[in-house]
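Trainee: Annotations per TrEMBL:
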ACT_SITE  Lys89  active site, charge relay system
ACT_SITE  Ser164  active site, charge relay system
ACT_SITE  Ser188  active site, acyl-ester intermediate
BINDING   Leu138, Ser164, Ile185, Ala186, Gly187, Ser188  substrate binding site
DOMAIN    41-315  domain 'Amidase'
DOMAIN    376-484  domain 'Amidase'
Amino acid sequence: ILIICDVCFQNPDFESSSIVSLSLPELTGKLKDGSLQPDAVLYALMEKALEVNKNLNCSTEFLMESVAQLEDIKTQKKGLLYGVPISIKDNVSYEGHDTSCGVVSKLGQPALVDSVVVKVLKKQGAIPFIKTNIPQGLLNYDCSNPIYGQTLNPCNLQKSPGGSSGGEGALIGGGGSFLGIGTDIAGSIRIPASFCGICGFKPTAKRISARGISSCIKGQNSVLPSLGPLARDVESLALCMQALLCQDMFSLDPTVPPIPFNQEVYESSEPLRIGYYENDGYLQPSPSMARAFRETKDLLERAGHTVHRHTALTVPRLIHSNHMSGVYCMCLCDFRKPSPIDPCIRNQDMILSTPGFIMRLISFVLKPFVSDEIGYIQEVIAEWRRLNVDVLLCPMLGPAYNFTYCGRLNSALSYTSLYNLLNFPAGVVPVSAVTEEDEAQLSQYTGVHGDMWDKLFVKAVKGGVGLPVTVQCVSLPWQDEMCLRFMREVEQLTAKNKLTRKY
């Protein structure tokens with residue numbers, strides 16, 4: 001911290017507040033035309049990130065190599081992200097720094113090389129400057145671990161920022177980063193984005209290289225992780241995807257399909273055919289989730305897009321069976337070695353502490369009862385084709401939870417984990433905020449099943465007035481640009497509607 005303060009003190013000629021308040025497209029424009037210099041931007045963001053971290057505890061460490069990197073990019077001045085400071089999740093490898101995953105036993109094992117995504121970002125002129133917090137073992141959608149502690153929500157310090165990319169959500173939501181890289185295996189980009197009121201995008205798995213991404217789980221192959229961006233707006237997400245999907249990535253990791261970003265699809269203004277569902281039959285949306293969804297659907301219809309109800313098919317059976325089998329197939333976590341257990345995963349400790357041979361036995365017994373994943377994917381695509389839709393609109397988990405509930409409500413992941421299982425690209429866009437009326441309606445919430453989990457969900461989201469509410473946008477596999485184009489449409493219509501209401 002003293003080094004960072006010294007760096008900022010030695011560079012007093014920048015106006016920090018005017019820099020950190022820029023949008024990413026505005027920032028890149030000023031860096032390219034020379035009206036802003038990379039060092040001024042980096043020092044301004046370091047200063048802001050220090051302030052945000054002091055309030056939210058969202059960082060694991062600052063990357064002081066970023067200051068040295070300034071000299072390299074000054075001589076090259078190239079790349080779509082030239083001079084842009086960028087934050088990365090703790091488990092994204094950066095040479096010389098730990099990827100602890102919030103686990104004590106993984107400390108003191110610095111990465112030997114940069115991950116592919118960090119190498120590509122650097123080649124595009126970006127400056128990774130900070131690593132961000134995660135839940136212990138990345139096994140929860142809260143954000144706390146015994147090493148770095150609990151991260152707080154920038155919209156309300158009494159709420160969780162979500163996880164597992166919770167440090168990213170908090171830092172960006174608090175104004176301490178323009179753009180960050182997270183990972184998503186059940187909603188770990190989308191949930192923090194939703195809870196913290198920013199945009200987040202989970203691409204098709206393998207669209208972006210996962211080489212150099214650390215994990216605590218061995219042998220978990222049923223659902224693949226997706227790397228993706230979090231940012232303040234959709235345009236920033238698209239710029240990041242455009243920067244990453246380049247020849248450098250395809251060369252560094254030949255297992256990534258060499259599919260460049262399709263700018264034409266992203267920038268299209270043709271009317272969309274939109275499928276939708278209001279309730280997945282597994283978790284009844286909270287009142288604010290349901291209202292925000294309805295309002296967004298109405299905006300899209302009024303803008304000339306065609307909407308069709310989409311059958312959610314067998315979500316309850318699929319989510320339940322695959323969640324159960326997935327939990328027991330996760331078999332073997334690195335933090336079984338002596339390590340304190342964080343409160344955020346205490347409710348999962350019984351499963352995680354079960355001997356490996358018992359977990360394998362349970363997994364074997366459950367296997368015949370697991371839904372046919374491939375068959376289900378084909379069912380969903382068939383329904384998609386029958387309706388002839390381009391994209392899908394659905395509710396997104398929210399608002400942000402009170403602390404300790406994430407580890408007790410894995411059942412609430414149905415809206416996000418479904419698209420990891422299907423491997424469909426999905427992203428979230430803020431569209432509203434919790435109202436007093438939404439809060440009052442919680443007293444009438446019964447849920448789908450009326451069981452203890454539904455009652456627990458009400459307790460989790462209680463006290464959320466003023467918190468952001470988002471919707472989720474989905475497209476078919478490898479049509480990531482179409483998903484981002486849909487997200488941009490939702491964002492623009494929401495902004496236009498707010499402006500109209502204001503006047």
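Using the three backbone atoms N, Cα and C, a Cβ is placed for every residue, glycine included.
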Trainee: What subset of the recorded positions Leu138, Ser164, Ile185, Ala186, Gly187, Ser188 lies within 10 angstroms of Lys89 (active site, charge relay system), using C-alpha positions?
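Mentor: Among Leu138, Ser164, Ile185, Ala186, Gly187, Ser188, the ones whose Cα sits within 10 Å of that of Lys89 (active site, charge relay system) are Ser164.
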Trainee: Looking only at Leu138, Ser164, Ile185, Ala186, Gly187, Ser188, which the record lists for substrate, tell me the maximum pairwise CA distance in angstrom.
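Mentor: Binding-site diameter by Cα atoms for substrate: 12 Å.
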Trainee: Distance between Leu138 (substrate binding site) and Ser188 (active site, acyl-ester intermediate) at the Cα atoms, whole Å?
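Mentor: Spelling it out, the Cα of Leu138 (substrate binding site) and the Cα of Ser188 (active site, acyl-ester intermediate) are 9 Å apart.
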Trainee: List the residues in the vicinity of the substrate site, defined as same-chain residues other than Leu138, Ser164, Ile185, Ala186, Gly187, Ser188 with C-beta within 8 angstroms of the site's C-beta centre.
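Mentor: So the extra residues in range turn out to be Tyr141, Gly163, Ser165, Thr183, Asp184, Ile189, Ile191, Pro225.
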Trainee: Taking just the CA atoms, what is the gap between the residue listed as 'active site, acyl-ester intermediate' and Ser164 (active site, charge relay system) in Å?
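Mentor: One finds 5 Å between the Cα atoms of these residues.
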Trainee: Sorry to bug you, but what's the C-alpha spacing from Ser164 (active site, charge relay system) to Gly187 (substrate binding site), rounded to the closest Å?
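Mentor: That comes out at 8 Å between the alpha carbons.
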Trainee: Ser188 (active site, acyl-ester intermediate) has how many other Cβ neighbours within 10 Å of its own Cβ?
Mentor: 33
Trainee: Residue counts in helix (H, G, I), strand (E, B) and coil for the domain 'Amidase' (376-484), per DSSP?
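Mentor: Helix, strand, coil within the domain 'Amidase' (376-484): 52 helix, 21 strand, 36 coil.
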